[in-house]
Every structure is written in structure tokens, then in C-alpha cells.
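Read through the structure below, which is laid out as C-alpha cells, and then see the notes.
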Amino acid sequence: MSKSLGNVIDPRDVIAGATLQRRQFPHGIPECGTDALRMALCSHNVHGDDIRLDVGTALSYRRFCNKIWNAVKFVLAALGPHFVPQPPEETVPQHPMDRWVLSRLAQAAGECGRRMEALEVHGAVAAVQHFWLRSFCDVYLVGGPVRL
């Protein structure tokens, strides 16, 4: 997009939404939020100075951020108000599903670390998103009652 042509979207309009109507947004720009915009920007494999970001990508990450929020609320409600976490070094998962999700988390953390060391932020974002959606939410949370 070019500022001189007037086809640049103000990031504040993506964050807070805007009623401005353009050809590509006949109903205005929906509110996406700061976190969704950050994730959308980090998800791009940038090889130059330009990022071709569309509002649809930011909306997709808004839904992802909402999924994070809902999953955390679900887990906290299942654990109850008096839950006290054990130190990680004292935690020994007994259930096979707990061991499975922890192995998937370790794989995702390793991939995220490798991608960040290689300055491939987009790959780290993809690893985190894939773990959260495909392993944690789609399998672990749906697979039965939370056993944390």
C-alpha cells in the first residue's frame, strides 16, 4: 500500500474498528484488537520492508485470541478457586492424555525456540498456534474432563 495513493489502512482502525467505508470494506473495518494485530503482523514471512496485511488475517487472529481466552477460562473454572499449582519439577503426569499433551507442548516449544533463533518469527507463531488449536483445544480439552 502507498501513503501517496491514499490506500493505507491506519493500524488504529484495525485495532479499534472504523466506520469508514471503502470499496474493500463496505461495512467498515471490524474491531480486531491489539493482540490480534500483533499476531497478524508476526505471522508474515517478511523479506523486505513491506508487509501485505489484510484485515481478514487480523480477524482470524482475533478469533484465535478469543479461543485462547475461552480455553483459559474453561481450565480455570475446571480447576476451581482453591487450586494451587505444584512446582513443575514435582509434577508427574499419570494419565496418558496428560503425558501426550506435554509431549506435544515440548515439541511446540522446541520448534518455537528453533524458529526464534533463526529469526523466523512467523514460524514460531505458527508452532504456537498449531499446538494451541490442534493439540490442546481440539484434542486435550475435548478429550474429556480436565485432569490438571
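Note that Cβ sites are derived from N, Cα and C of the backbone, with glycine treated the same way.
Database features, via TrEMBL:
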| type | residues | note |
| --- | --- | --- |
| DOMAIN | 1-53 | domain 'Aminoacyl-tRNA synthetase class Ia' |
| DOMAIN | 98-141 | domain 'Methionyl/Valyl/Leucyl/Isoleucyl-tRNA synthetase anticodon-binding' |
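Break the domain 'Methionyl/Valyl/Leucyl/Isoleucyl-tRNA synthetase anticodon-binding' (98-141) down by DSSP state and the numbers are 41 helix, 0 strand, 3 coil. Averaged over the domain 'Methionyl/Valyl/Leucyl/Isoleucyl-tRNA synthetase anticodon-binding' (98-141), the predicted model reaches a pLDDT of 95.
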